[in-house]
């Protein structure tokens, strides 16, 4: 699952405290849907996803993005038990929504990109390494029901 050092935990928690969950969530999910258009099929109920500007301005995309990052914020409090933290969400996405688990990795990578954009020089290679470890572990936890 990925072992987090105390330094990783401090790095992740410190940056997370500065993240605007609403803005970063909407941008992360929006970018996922624009950059990887095949992921849109899981969001047919979201209305207009016909263009990048439609997606980035879509209130349902923003709301769900906020929900996703709020869930991630809960996980940050439980880095040593991500599998347990995401057990129900893994079940939902696997059994009911049939989301390809690869999409969790894509979303994590997009989040890292968004954080890099938002935090610029503060998002050092060391910070990126800790966050990449975390989003990889979260993707693995969300995929656990699939195995």
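Placement of Cβ uses the backbone N, Cα and C atoms for every residue, glycine included.
Not measured: the values here are computed from a predicted model.
For reference, Swiss-Prot has these:
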type: MOD_RES; residues: 2; note: N-acetylglycine
type: DOMAIN; residues: 3-147; note: domain 'Globin'
type: MOD_RES; residues: 13; note: phosphothreonine
type: MOD_RES; residues: 45; note: phosphoserine
type: MOD_RES; residues: 51; note: phosphoserine
type: MOD_RES; residues: 53; note: phosphoserine
type: MOD_RES; residues: 60; note: N6-acetyllysine
type: BINDING; residues: 64, 93; note: heme b binding site
type: MOD_RES; residues: 83; note: N6-acetyllysine
type: MOD_RES; residues: 94; note: S-nitrosocysteine
type: MOD_RES; residues: 140; note: phosphoserine
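The Cβ of residue 45 (phosphoserine) lies under 8 Å from the Cβ of 60, each of which sits 6+ residues away along the same chain. Across the fold, the C-alpha of residue 140 (phosphoserine) and the C-alpha of the residue listed as 'phosphothreonine' stand 20 Å from each other. Taking the C-alpha atom of the residue listed as 'phosphothreonine' as reference, the shortest distance to any of the recorded positions 51, 53, 64 belongs to 64. Under the DSSP three-state reduction, residue 13 (phosphothreonine) is assigned to helix. The Cβ neighbour count for residue 64 (heme b binding site), using a 10 Å radius over every protein chain in view, is 17. Cα separation, residue 51 (phosphoserine) to residue 64 (heme b binding site), rounded: 18 Å. Cα separation, residue 64 (heme b binding site) to residue 53 (phosphoserine), rounded: 17 Å. Remark: secondary structure over the domain 'Globin' (3-147) totals 120 helix, 0 strand, 25 coil, with classes taken from DSSP. Other C-beta atoms found within 10 angstroms of the C-beta of residue 60 (N6-acetyllysine) number 15, with every protein chain shown included.
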